[in-house]
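Participant: Pulled these from TrEMBL:
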type     : residues                                                                                                       : note
ACT_SITE : Asp407                                                                                                         : active site, 4-aspartylphosphate intermediate
BINDING  : Asp407, Lys408, Thr409, Glu501, Phe543, Lys566, Arg596, Thr676, Gly677, Asp678, Arg793, Lys799, Asn823, Asp824 : ATP binding site
DOMAIN   : 40-94                                                                                                          : domain 'P-type ATPase N-terminal'
DOMAIN   : 126-267                                                                                                        : domain 'P-type ATPase A'
DOMAIN   : 846-1093                                                                                                       : domain 'P-type ATPase C-terminal'
TRANSMEM : 288-311                                                                                                        : transmembrane segment
TRANSMEM : 342-361                                                                                                        : transmembrane segment
TRANSMEM : 910-930                                                                                                        : transmembrane segment
TRANSMEM : 960-982                                                                                                        : transmembrane segment
TRANSMEM : 997-1016                                                                                                       : transmembrane segment
TRANSMEM : 1028-1049                                                                                                      : transmembrane segment
TRANSMEM : 1069-1091                                                                                                      : transmembrane segment
TRANSMEM : 1112-1132                                                                                                      : transmembrane segment
Amino acid sequence: ILHPPCFSWCIRFCLSFKRVDSRTIYVGHRSCPANEAFIPPKFCDNRIVSSKYTVWNFLPKNLFEQFRRIANFYFLIIFLVQVIVDTPTSPVTSGLPLFFVITVTAIKQGYEDWLRHKADNEVNKYPVTVLEDGRRIRKESEKIKVGDVVEVEENETFPCDLILLQSSRDDDTCFVTTASLDGESNHKTHYTVPDTEKDLESLNATIECEQPQPDLYKFVGRMHIYKNNREPAVRSLGPENLLLKGATLKNTQKICGVAVYTGMETKMALNYQGKSQKRSAVEKSINAFLLVYLCILVSKALVCTTLKYVWQSKPGQDEPWYNEKTQREKDTNLYLKMFTDFLSFMVLFNFIIPVSMYVTVEMQKFLGSFFITWDKDFFDPEIKEGALVNTSDLNEELGQVEYIFTDKTGTLTQNNMEFIECCIDGFQYKYRDASSELDGFCVTDGPVNKLQQKEREELFLRALCLCHTVQVKEPTEQRVDGEVLQTSEALRGFIASSPDEVALVKGAMRYGFTFLGLESKTMKILNRNNDVEMYELLHVLNFDPVRRRMSVIVRAISGDTLLFCKGADSSIFPRVRQEEVERIRMHVERNATGYRTLCVAYKYLSAEEYAQADAGLREARLALQDREQKLMAVYNQVETGMSLIGATAVEDRLQEEAAETMEALQGAGMKVWVLTGDKMETAKSTCYACRLFQRNTELLELTVRTLEDGGRKREERLHELLLEYHKKAVQDAPPVKAAVTRSWSLTNQDYGFIIDGATLSMVLNSSNESNSSRYKNLFLQICQNCTAVLCCRMAPLQKAQIVKMVKNSKGCPITLSIGDGANDVSMILEAHVGIGIKGKEGRQAVRNSDYAIPKLKHLKKLLLAHGHLYYVRIAHLVQYFFYKNLCFILPQFLYQFFCGYSQQPLYDAAYLTMYNICFTSMPILAYSLLEQHICMEVLLDNATLYREIAKNAMLRWGPFLYWTLLGVFHGLLFFFGVRYLFSNPALQDNGQVFGNWSYGTIVFTVLVFTVTLKLALDTRHWTWINHFVIWGSLAFYVFFSFFWGGIIWPFLRQQRLYFVFANMLSSVSAWLVIILLILLSLLPEILLVVFRKPRGPHARQVEPKHTDTLTFPLCFTTFLPLFLDAVLHIFVVKRGWLLLFSIMYFSE
C-alpha cells in the first residue's frame, strides 16, 4: 500500500514520462506540498559550450574532417602508395606538402576553437548570486541548476533563463534590454508572477512549462503556488515573465528569478548555430577542373605504362646485360607488376593535382575578408560600426550576383517613423493645420456637428494614447540654485519595440493628448484641458503578423470598459460596420501611395461581454497545449462589432542614397526584386522613389484585385493573365543584348511585375499539379524579362520560396538576399549570399547573414568594387595554379620517352617538395590579395564593368582551355629547348658533360623564373609586398639551390644535386638557354599586352591612382618589348655575332 504523498508523486512521475513536451520545476528545490517526497529532476548544468573540440578529441576529429575532403584523401592515398610500393620518388615529396596543408588548416581551426573556449570560460566562470536557505551565496555561473533562485542587479546580464519572481520596483516590473539577443536596444517591460510571496524563503511553488525551444518570443507555462494546505493557486506564465540569458537588467536595482532553462537549453544557446555551408561557383569550377586534370593524370600513367611494356617486349629491352632481373622479379605476376608500375607513374605525375591550392584559396578568402572589415567607407558614425564578415567562403560570390532580393521596411526605407496626418470620420488633420476641415475627397450627409466631431477627435486621440505597449522614459530634472526647473513635455522620451508606436504617441501629443505612463496597471493621460485621465489596463491583446492588429481592454474611472484596436486596413475593415468604412477607405488608399497607414477602432464592452472575454483569456493563458490557437480564438471573438474612428498616416523615409544604389545595381546587370509584407500601394510608391519603376515602365499586376476583375473563377483568370503577360513581356519583347542597360534601350518597353502573397500561393500551390508547374514556369519567365519585380503582402516563408525558385531555375543564377529584420532571415539563409543590415528591427538578420553592412548604400561598393576584385583575384589564382602545375609535370612526362619509361624523376626530391610550398606560393597569394586590375573608383563609376565577369566568365571552359594550352606550350618549350642545348654534351669549359640532374635543374630553373615572371606581367597594381614576394621568391630559389647543393647533408643516403647548380651556372651555354627560354616563353604574353587594343569604358585608366604604388614593373613591360625586338633583330634578321658564336660553340 502506497502512502498518499508517494502515490501522488508516482502518478506525476508516470505522467512526466507520458508527456515529454513539458517539464516540472521545484522553486528553490523544495517539494510541493511540503509533505510529499522530493526527488530532484535531472536537467543539464549551466555550462555554455560553443567550442568544437577538446584537448583529447582535437587530433582525431580534425584529421577525420580534413581527410573527408577528396583532395586531401587523394594525396594521403598517394603518400601511402609511396610508402608501400617501390616508387621513383620519395614519400617525402607527397607527405611534406600534405603535412603542410593539414598542419596549417589544423592550426587555423584550432586557434578559432581556442577563441571559442576562451569566450565560453568567460561566461561560465562569471560570478552570480544564488539564494539558498535564506543566504546569498556567490557561485560561478556554470554551477547554477534548474530551480535555483538567482539574484541579478542592475546592468548585469541574466546567467540563464529566469522566471521573474520579485522586483525592487514598486509596480512589480523590471526593464530589460535584449541587444545581445536580437539587437533591440529599447527597454522591454517584464512582470513578476502575481500573488508570489515577498519572502521567497517561504515560497512553495512548482512551475510547469514547455520543453526548451529556440523561439525568443514564445514561452508557455503555469505556476502552482501552495499556501497552508489550501488548493494551489495557478498563475499563467508567458514571455512577459521570462528573462532570457544574455539580456541585461536596466532601470531596476535588482530582481530575483527562478532558473527554468540552463546551459545549452537556454533560448540563446538554442539560437546559436553555425553558418550553413554554402558552396561558391568558384569551388564548383575547381572541382570540375580537378576532374579534368585527374583524367589527364590517369591518361599519362596509362600511356606510360602501356608504352613501357610495348618497349620492353622488343628483344633485349626487357632485360639488358647491365640490368639483369633477380629471381624474385622474374617470379612476380605480370599483371601485378603492371599495376605496380601504373601506381608508380601515378605517383610520379601526381603533382599535376595542386594540393597546396586548397590551403592558398583558404588563406586568400580568410585574409581577403579583412579588407571588407577594414574599409572605412563602410563605417557608420551613427551606430559606430562598420561592415561585418560572418562567412569568408563567399567573397568571390559577391562578384557574380545576378538577382537581388531586398526587403522594403528598414532596408530600402529608414524605419524611422514620423507622424504625418490622420483622418477622423472623414476629416483630415495635419500638424501644420490643427483645426479640422472637411476633406474634399469625402462625402458626408448633412452639416457637420462640431460638438460631436470634437468628441470623436478626443476618442481617437485617447485610442492612440492607450492602444500601445510604449514605455515612458522620464526627462532628467534640471536644478538651478537648488530649485527644480519644470521640464518640457516635449523632452519626454518614449521606448517601444516598434518605432511606429512611438510615432503615433508623439502624434497624439501634437494634438494635445500626452501619454504619462503606466503605473501599477494604471495608464495616465494628460488631455487638452491639462486634466489627468486614468484608465485601468485590464488586458493587452498583443500584435502578431497573422492578425495584423493589436488591442487593449481598459476601464475608465466612470466604470465603462472599452476595447481599443489598431491595425492594417485589411484586418480592421471586416470587423467594423461597412457604412463607416466608406468614409475612411479613400483616405487610406490615398495615403498608402507613400505612407504606412493604420486604422483605429473601438468598442464598448458590457459587463457580460467583458466577463466572458476575461474568462476566455485567463483560461487560454493557462493552457500549456495550443495556447496560441486558443488565444487567437478569444481575440477574434472579442474583436468583432467594433466602430471605426479613423486612420493614421506615418512616413517611413528612404534610406540614404537608396535610389542611386538601386540604379547602379541595375546598371550592373542585376535584377532587383522587392519582397515585402506591406501593402501594394505603399510598396509601389517606394519602388518608384528608388527608381526601380520608371515613368515609362508598364506595370503587369497579378493580385487578388486583378483576378476578381474578370468576373470569372480565380484559377481561370490567373491562367489568362499569365498567358497575356507572357506574350507581352516574353514572346513579343525584342531580344536584349547583355551589354545594353535600361538607360540605353529607350526604344524597348520596360516592364515591372507586381504580385501579392495570396496570388503567389495560387501560383506555387495550385490544386492541379500540372497547372502548378506550368504557372510557375510562366511566372518565372515573365519575372526574368522584367526590369524589377515587386512582391507585396509576403509571409517570411513565401520570401524564401521565391528565392529558392529563382535559385533553382535554369542556369542556376547567383542570388543575394538583403534585409534587416527577423522576417528576412528565411530568405537570407536561402540565397547564395545573405546580407544583413544593422537596422532598427533587431540583429536577427545580421546574426544569420554572411555579410552585414550598416546601410543599404554600402551594398554598391561591396558588390561593384570588392565583389568584382575578389572574383578576378581568385579566378586568376585558380587558373594560375593549374597552369603552373601543368608546366611543372609535362616535362616530367616527356622525360619518360627518353629514359625507357623507367619512372626516373626529372627533378630532385627537394624541388618536387618545395615547388608549390615555397618557390611559387607567395607571389600568387600576394596577387590574389592585393591585385586591382581596375581601381575601385573606376569600378564604382562604371557599373557596366560588373557585366564583364558575370556568369563565372573567367572560370569557364574557354579561359581554362587557354591556360591549359599555355601550360602545354611552356612545358614543351622548357623540355625541348633544354634538350636542344644538350644535343652537344660538352657544355662546360673543361669539357665535362652535364648529367640528367643538370638537365632537370635547368628545366626547373626556367620553369620557376617563367611562371613567376608571368605573374609579374599579369600584375597591374604593384605594392612593396608584390615586389618583396616576387623578387624574393626568385632570390630564395637561387639561394636554396646553392645551399642545398653546396653542403653534404649527413641524413641523405644519396645527394643528387651536390654542386650541380653551381656547375650549371658556370656554363655560358646554360645561361644563354635559360635567358632565351624565359624570353621566348613570355614573348607571346608580352606581345599580347603591348598590341592588345584597350576596350571598354575603363580603357582610359587601368593603372591605379594611388601615388604610393611602385610602377617599375609597368615600365618594365613597356620597354622590354623594345629590348626583345632589338635582340631578335640581331639574332634572326642580321644573324649577329652572338648567334654565330653560339653555333660555333655548339659545333666544337
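Even glycines carry a Cβ here, placed using N, Cα and C.
What TrEMBL says about a protein is an automatic prediction, not a curated fact.
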Participant: Where else in the chain does the transmembrane segment (342-361) make close Cβ contacts, counting only residues six or more beyond its ends and a cut-off under 8 Å?
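Facilitator: Hits for the transmembrane segment (342-361): 69, 71-72, 74-75, 78, 81-82, 85-89, 93-94, 97-98, 100-101, 104-105, 286, 290, 293-294, 296-298, 300-302, 304-305, 874, 877-878, 881-882, 885-886, 888-889, 892-893, 896, 903, 905, 912, 915-917, 921, 924-925, 928.
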Participant: Taking contact to mean three or more C-beta pairs under 8 angstroms, with sequence separation of 6 or more, is the transmembrane segment (910-930) in contact with the transmembrane segment (1069-1091)?
Facilitator: no
Participant: Need a quick answer: max count of Cβ pairs under 8 Å to the transmembrane segment (997-1016), which of 288-311, 960-982, 1028-1049, 1069-1091 is it?
Facilitator: 1069-1091
Participant: What number of additional C-beta atoms lies within 10 angstroms of the C-beta atom of Arg596 (ATP binding site)?
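Facilitator: So the Cβ neighbour count for Arg596 (ATP binding site) comes to 21.
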Participant: Roughly how many angstrom lie between the C-alpha atoms of Phe543 (ATP binding site) and the residue listed as 'active site, 4-aspartylphosphate intermediate'?
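Facilitator: On Cα coordinates alone, these residues lie 21 Å apart.
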Participant: Average pLDDT across the domain 'P-type ATPase C-terminal' (846-1093)?
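Facilitator: Looking only at the domain 'P-type ATPase C-terminal' (846-1093), pLDDT averages out to 85.
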Participant: Compare the Cα of Asp407 (active site, 4-aspartylphosphate intermediate) against each of the binding-site residues Arg596, Gly677, Arg793 and report the nearest.
Facilitator: Gly677
Participant: Run through the Cβ atoms and count how many others sit within 10 Å of the one on Phe543 (ATP binding site).
Facilitator: 18
Participant: Over all shown protein chains, what is the count of other CB atoms within 10 A of the CB belonging to Thr409 (ATP binding site)?
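Facilitator: A count of 27.
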Participant: For Gly677 (ATP binding site), just count the other CB atoms lying within 10 A of its CB, please.
Facilitator: 22
Participant: Pull the DSSP breakdown for the domain 'P-type ATPase N-terminal' (40-94) and write it out as helix, strand, coil residue counts.
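Facilitator: Counting residues per DSSP class in the domain 'P-type ATPase N-terminal' (40-94), I get 27 helix, 0 strand, 28 coil.
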Participant: Under 8 Å Cβ to Cβ from Arg793 (ATP binding site), same chain, six or more residues apart: give me those in sequence order, or none if nothing qualifies.
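Facilitator: For Arg793 (ATP binding site), the qualifying residues are Gly677, Asp678, Lys679, Met680, Asp756, Gly757, Ala758.
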